[in-house]
Amino acid sequence: MQIDRLPVLSDNYIFLVLDPERRQAAVVDPAVAAPVLERLRSLQFQLVAIFNTHHHHDHVGGNQELLQHFPTAVVYGGAEDRGRIPGQQVFLQPGDRVNFAQRTAEVLFVPGHTRAHIAYYFPPVNHSSGELFCGDTLFAGGCGRLFEGTPAQMVNSLNQLRQLPDNTRVWCAHEYTLKNLQFALTIEPENVELQTRLAQVYLARQHFQPTVPSELGLEKRTNPFLRWDVPQVQQSVKGQDGIQTFTRLRGRKDQF
């Protein structure tokens, strides 16, 4: 399984998951169709699946046009997004499995950003890393805004993701890393690894290099939204427990 990253719009990423043996592809959260179609033409691959994490237009906007070119492609999304994802044919429940490229993804229910948000987790096989397509739930250095969910839901969702192996690659759907880490440093100014990461990301972005995928272990050590139970983070926002700490973090980030 190979993964191509397609930058689109101002800061979105579309991910094209490739099966070279079968010359087939699946696309994750196609905001628009044109770059996907162009890449598929250059590879001469057939699109067989569209994996949507949630219903926002910058994640599903390309569905219908892709289906016009590949009418047999199957559109997957969360069961609770019924009626909100264009062309959806498969309505996934938590714990469902999805097969592609001789790998099997587990469907994780991760509400918070939206009420129906799901993630696709491909566990490691042999010596490969796990692959997490988490949409707008977890970002490199941050997390998604809460549009339809509650802080308690988001903490539970992020805690699910936090349980995955440290070497899991995190394929989040936006290039928000620099601003996220600038905020994170206001919460943990003494976190040396965070300081180093911010410097590296700043340099990467100066050269227009992507910062996605990230690695989950790095997120656990430097992303405040996975560190709501770390004493230094709680003290920074005067949080009494995990949910209050997360709520105050999210409120500060919304104003940052």
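Cβ from N, Cα, C; glycine included.
Record note: Swiss-Prot gives Asp58, His59, His174 as Zn(2+) 2-binding, and the candidate from Asp81, Asp96, Asp136, Asp166 in that site is Asp136.
Binding of Zn(2+) 1 is attributed by Swiss-Prot to His54, His56, Asp136, and within the candidate set His69, His113 the record adds His113 to that site.
In the three-state DSSP scheme, Asp58 (Zn(2+) 2 binding site) falls into the helix class.
Within 8 Å of the centroid defined by the CB atoms of Asp58, His59, Asp136, His174, the record's Zn(2+) 2 site, lie the Cβ atoms of Asn12, Asp29, Ala31, His54, His56, Gly135, Ala173, excluding the listed residues themselves. With a 10 A radius on its CB, His59 (Zn(2+) 2 binding site) counts 24 other CB atoms from all the protein chains. A separation of roughly 14 Å, to the nearest angstrom, links the Cα atoms of His113 (Zn(2+) 1 binding site) and His174 (Zn(2+) 2 binding site). Least crowded of the binding-site residues (Asp58, Asp136), judged by neighbouring Cβ atoms within 10 Å of its own Cβ: Asp58.
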